[in-house]
Amino acid sequence: MTGNPTQADTVKSACASNKTPVSAAKIAKDSGKSVHTNGNGFTNGNDSTVVASKKNGLETANGTAATDASLQVNESATAPKETKQTDPPTIPVSQMFPDHIYPEGEIQEYKDDNLWRTTSAEAREKDRLYEDMHNDLRRAAEVHRQVRSYAQKKIKPGMSMIEICEMIENGTRTLIEANGLNAGIAFPTGCSLNHCAAHYTPNGGDGTVLKYDDVMKIDFGTHVGGRIIDCAFTMAFNPKFNPLLEAIKDSTDTGIREAGIDVRLSDIGAAIQEVMESYEVEIDGKTYQVKPIQNLNGHSIGSYQIHAGKTVPIVKNGNQTKMEEGELYAIETFGSTGRGYVHEDMECSHYMKEFDTSYIPLRLPRAKQLLNTINKNFGTLAFCRRYLDRIGETRYLLALKNLVDSGIVNPYPPLCDVKGSYTAQYEHTILLRSTCKEVLSRGDDY
């Protein structure tokens, strides 16, 4: 689905020796190289990447022992030990990282005219000023990685859509220590099937069951203090759909690679379109060119605002708007074997309060009561009818319709291509830091 939030200068290290771990990110900054971390916070890279060795002893660059005397500490001092997650996950990430410094995402250097930012002292200082905000984003991203890792192992044909969504949502609430508007779920779990590309989550009583030949898009969000991670992936159990999934994954990675400070949004869309349309997939003996769903886009993200005003197209268009330093983006691509165009269809489940709405008088007392409930529990974050059921709201459909008709709440019905087609989606949240581009939600899975 769809501020200026950065990076703590520490990548966690499990040190067996009595020495203080040196930050791999700091080494990278000082050397002018990039450091790539996987979803578990470990680093990996190639000849152009600084690698942090996390084996017995001091964390080092490229596995070389560090000898700087300033890194020595008292023999009794040891690095905090991380707690191992349970299966199913039940330990909040704040307990797994006792120093509350959460793993950096994948770091990508800027290109061309912005390459200087990698080693700029001024840019590093800007990064430092937003350290706490970025750490909140990383906490939300770590929750997303752990929840989706478990979900990918457990989701199987035969499960109901409600069962799948509640597994993801309950896991998110537990790991992020959901606390009203301070931390929790950023929007309803999307589990759109086949020709439905986005914005489907089951309402109460929906008996839809996942089947072996379904292609399911799992799109869920986490937030800490309104700082949102929006990240999605596609699951298919029949291997005939694997080429479709690979095409969309490659397209999303292309969009991430092309994104950056001062980059025109239309240029990103053109690059995505070129990659996606280069793929053909064969399904049941018929060959399809993968088509970008032209009226679905990535988007900028603001505080408590999943769509903050800028859209990132997945086809070439005339949008000359540029990305700017400090912005947070959801880079997502959708591909289809159908028309490559979606329309609203099926029963609505997603809703969200208008972000900039002014005071609108309501005559219906039940609508006023429901609005108070929405303000208290969701604010301007998206919600669904199941969430209203969960907090005890009943007989609210007429009041909800009144809020929609008044322009206070916006409905977001499922978005579908033609029936019989298949759609896929991949999405990551990226941060355009002063020094580099951080793919916050990157993991070992995608």
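Glycine residues also receive a Cβ, built from the backbone N, Cα and C atoms like all the rest.
According to TrEMBL, the feature region 'Disordered' maps to 1-49 (among others).
Annotated compositional bias 'Polar residues' per TrEMBL: 1-21 (among others), in sequence order.
Here TrEMBL flags 34-49 (among others) as compositional bias 'Polar residues'.
TrEMBL lists 63-97 (among others) with the feature region 'Disordered'.
Feature annotation from TrEMBL assigns compositional bias 'Polar residues' to 63-77 (among others).
Taken from TrEMBL, the feature domain 'Peptidase M24' covers 137-335.
His307 (substrate binding site) falls within neither a helix nor a strand when secondary structure is assigned with DSSP, and so counts as coil. Here TrEMBL flags His199, His307 as substrate binding site.
TrEMBL lists Asp219, Asp230, Glu427 with the feature divalent metal cation 1 binding site. Within 10 Å of the C-beta atom of Asp219 (divalent metal cation 1 binding site) sit 27 other C-beta atoms, taking all shown protein chains into account.
For Asp230, His299, Glu332, Glu427, the entry in TrEMBL reads divalent metal cation 2 binding site. In the three-state DSSP scheme, Asp230 (divalent metal cation 1 binding site) is classed as strand.
For the binding-site residues His199, Asp230, His307, Glu427, a Cα to Cα distance of within 10 angstroms from Glu332 (divalent metal cation 2 binding site) holds for Asp230, Glu427.
His199 (substrate binding site) has its Cα within 10 Å of the Cα of these binding-site residues: Asp219, taken from Asp219, Asp230, His299, Glu427. One residue stands out among the binding-site residues His199, His299, His307 for having the most other Cβ atoms within 10 Å of its Cβ: His199.
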